[in-house]
Each structure stands twice: as C-alpha cells, then as structure tokens.
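Data first, discussion second: the structure below is written as structure tokens.
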Amino acid sequence: MDEMILLRRVLLAGFICALLVPSGLSCGPGRGIGTRKRFKKLTPLAYKQFTPNVPEKTLGASGRYEGKITRNSERFKELTPNYNPDIIFKDEENTGADRLMTQRCKDKLNALAISVMNQWPGVKLRVTEGWDEDGHHFEESLHYEGRAVDITTSDRDRSKYGMLARLAAEAGFDWVYFESKAHIHCSVKAENSVAAKSGGCFPGSATVALEQGVRIPVKDLRPGDRVLAADGLGKLVYSDFLLFMDKEETVRKVFYVIETSRERVRLTAAHLLFVGQAHPGNDSGGDFRSVFGSAGFRSMFASSVRAGHRVLTVDREGRGLREATVERVYLEEATGAYAPVTAHGTVVIDRVLASCYAVIEEHSWAHWAFAPLRVGLGILSFFSPQDYSSHSPPAPSQSEGVHWYSEILYRIGTWVLQEDTIHPLGMAAKSS
C-alpha cells in the first residue's frame with residue numbers, strides 16, 4: 001500500500017513537470033515521427049460518393065439496423081433533443097422529431113455546426129431530416145433510430161455540399177453520403193455498438209517477440225518481459241514491458257487489419273501505427289533513419305491507413321526494419337483487447353512496428369505524457385525489484401479495464417486539446 005501511495009505521488013509530481021515540457025519535442029523513432037502535423041487540405045466529396053467506402057450498415061461504417069424507435073417504445077429514452085442555436089431544423093412536421101437523435105449523433109452534429117460556421121462565416125448548418133416516426137424512409141433506415149440526419153447549409157448553396165460532406169466526415173460521422181444534389185446524408189453507430197468506442201488495443205492473440213527468442217501472445221506478457229521494439233534512432237531493441245494501459249480478456253472488438261504481402265497486424269481504430277505515404281516501386285529494406293528522413297513516416301490512426309501507404313516491418317533476418325506497402329485494409333472481429341506499454345513507447349506486434357499509444361495522433365505528445373508513469377514505475381521497481389523482474393502473474397493493480405493513469409490523461413486531453421487531434425472512437429467504454 002505504501003509503495004502505491006509513493007508511486008501516485010511521484011506520478012503526480014512528474015505529470016506536472018511533463019505539462020511544462022514543450023509538446024513539440026520529438027522522441028518518436030526516427031526524424032519523421034513526432035513532428036507536428038501540417039494543416040490538412042480538405043477535399044470535397046463528389047456527387048454520389050460516400051465515406052468510408054463501404055455500405056452504410058456494415059461494421060466499417062454505422063453498423064447494422066437495430067429496430068425502429070417509436071414514442072411508445074422502451075428505446076425512445078435513447079433519443080435526446082438538440083436545441084443548438086447554431087443549427088437550423090426544418091421540422092416540416094411541426095412535431096420536433098427532427099431535433100431528436102442519439103447522443104452520438106448529437107455530438108457529431110454539434111461539432112459539424114462549428115466547422116460550418118468556421119468554413120463559411122454567416123452560414124449555419126441546416127437539418128432537413130432527423131428522426132423519422134412517420135415511415136417516410138426506406139425499410140431499415142437509420143432515420144428510424146435517430147442515428148441519421150440529412151443536412152444542407154442554411155443558404156442552400158449546392159456548390160457547398162461537397163465540402164459540407166467532407167466536413168461531416170471530419171466531424172466524426174461514421175458514414176457520410178453525397179446522396180442527393182439537395183442534401184447530404186450522415187449516420188452514426190449505435191450507442192451500444194461493439195465498434196462505437198474502440199479505445200486503442202491489439203487482440204489477445206497478437207504476438208510479440210521476447211528477448212529469449214520466443215514469440216508469445218500479447219495477453220501473456222508479464223512485467224519484467226523484454227519485448228522487441230524500436231528506439232529513437234529506429235534501431236530494433238528489446239524494451240521493458242511496463243503494464244497494460246487497457247486489458248479486457250473476453251470482450252469482442254472490431255479491429256482494423258493492415259495487411260502487406262508478408263505481414264498483417266490487427267489494431268483498433270484509434271491506435272497509432274507508423275505510416276508513410278504511398279511510394280510506388282519501393283518495397284525494399286534500407287536504413288531506417290534514411291527512410292524516415294526522406295519518406296516522411298509519421299504516426300497515424302489505424303482507421304486512416306489505406307492501401308498504398310507504407311508501414312515498417314521486421315526484415316527476414318530479424319535485424320532491422322524494412323518498409324512494406326499496405327495491400328489491403330479491412331475489418332475483423334476478435335476476442336480480447338490489450339494495450340501494452342513499453343519503456344520505449346513502441347512495440348513490434350505481429351512483426352509490424354506500432355506505437356504503444358492511441359487516441360491522440362501525435363506519438364511524441366503521448367510519449368511525453370507517459371513519462372511520469374515510466375519514472376514512477378522505475379522508482380517503484382527500485383524499492384520492489386521482485387515486482388518487475390520476475391515472470392509471476394501481474395499484480396492486483398493490473399486488473400481488467402482501462403488503467404487509471406490513461407483515464408486521467410484522456411480527460412485532461414479532452415479539456416486542453418483541439419477536438420480534431422483526438423480520435424472520435426478514443427476511450428473504450430468500461431467493461432461491465
């Protein structure tokens with residue numbers, strides 16, 4: 001008990017110090033990682049284009065239809081009215097139905113309203129259709145669940161609708177469709193969806209390489225294990241496994257599968273992977289540092305990775321990293337969710353280099369934020385070396401769920417960081 005009190009005091013002091021460190025400093029692997037991301041130029045959606053490029057009611061988008069909600073149904077309490085003064089609701093039925101929606105839909109719509117006013121001063125977001133209680137849409141429409149809205153701009157300038165669709169996607173809607181020249185259709189996942197909040201994890205069956213030369217499932221890691229990772233210069237090293245920032249043994253989650261010609265890695269939408277832009281014809285090895293310096297690898301959410309991007313994999317000899325082109329990205333359900341943290345902040349998982357961090361797209365920021373935890377665990381190991389040098393089962397503090405330190409960082413991050421730096425599927429819902 002005394003040791004845990006000491007650890008928490010050290011972490012608190014260290015965290016305050018970490019807040020004073022300039023966030024722009026880079027400590028990611030290689031020169032290209034950890035640099036501040038340039039402003040992203042937004043491209044309007046074309047007419048009839050939808051994003052992501054999968055059907056609306058699939059896991060990769062808004063998910064399956066769960067049944068119509070009526071005013072008399074038990075699920076009616078899932079809907080909440082939206083009285084945002086920056087949004088115009090057409091409400092042609094004069095019932096207020098268009099204002100009713102799920103909380104997730106409301107959050108994304110409110111975020112979009114801000115983006116619209118920033119993009120076009122004097123223009124507001126306009127909702128033409130929200131929750132439908134009258135049966136005006138096709139069968140199994142997500143409008144019947146309050147999970148979909150049809151939108152325009154208040155000036156009804158159709159030349160803006162392509163950019164409006166892009167802004168909706170950036171605001172976090174799970175599926176956006178330039179459905180009609182008269183409106184944009186947007187929808188979200190169900191509140192209880194397995195993919196609604198994914199956190200940042202790997203499945204329990206994902207493997208890591210230990211210093212002893214064996215590979216084990218990530219779920220079997222113990223404090224004291226040294227796992228294959230990469231240091232700040234891009235060299236492969238064996239790094240101390242510290243703990244799991246999230247650990248759920250039986251939960252089923254949706255994972256993005258990033259597949260190259262030889263390797264495949266599974267990770268949740270909000271987890272960070274080191275990615276380079278498409279570079280045709282270069283799927284060979286080479287010096288890791290020169291790769292970063294010339295090709296611009298950076299941390300990226302798994303949900304943003306596309307075919308043609310490049311990732312870093314362990315070469316055949318197991319001595320270094322090579323770049324490999326992503327051939328396919330798809331979704332897969334798997335059991336277990338584990339977020340291991342190493343001393344270096346990186347981990348080679350299924351022979352692909354990944355960050356240990358998630359939710360915030362800047363690896364270097366996350367690594368600095370976790371510095372107090374690394375220092376605190378180091379001090380604790382000095383007083384109790386047996387806790388961190390044996391292969392005994394994890395201590396009671398390593399129970400299931402999200403680690404308290406990670407929860408604190410997430411809450412602080414939502415207060416001090418801009419919304420577009422935090423993944424909309426960031427913190428996993430707590431296990432029940």
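Residue numbering: from 1, along the chain as shown.
Glycine is no exception: its Cβ is also placed from the backbone N, Cα and C atoms.
From a predicted model like this one, the values you see are computed outputs, not experimental measurements.
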Stretch carrying motif 'Cardin-Weintraub' according to Swiss-Prot (options 35-41, 70-76, 259-265): 35-41
Glu129, Asp132, Asp134 bind Ca(2+) 2 per Swiss-Prot; candidate in Glu93, Glu170 listed for that same site: Glu93
Among His185, His271 - the residue Swiss-Prot places in the same Zn(2+) site as His143, Asp150: His185
Residues within 8 Å of the His143, Asp150, His185 Cβ centre (excluding the Zn(2+) site residues themselves): Thr128, Glu129, His137, Ser141, Leu142, Ala148, Val149, Glu179, His183, Cys186, Ser187
Among Glu92, Glu93, Asp132, Asp246, the most crowded of the recorded positions [Cβ within 10 Å]: Asp246
Local Cβ density at Thr128 (Ca(2+) 1 binding site) - other Cβ atoms counted within 10 Å: 18
Asp150 (Zn(2+) binding site) versus binding-site residues Glu92, Glu93, Thr128 - nearest by Cα: Thr128
Asp134 (Ca(2+) 2 binding site) and Thr128 (Ca(2+) 1 binding site), Cα-Cα, nearest whole angstrom: 15
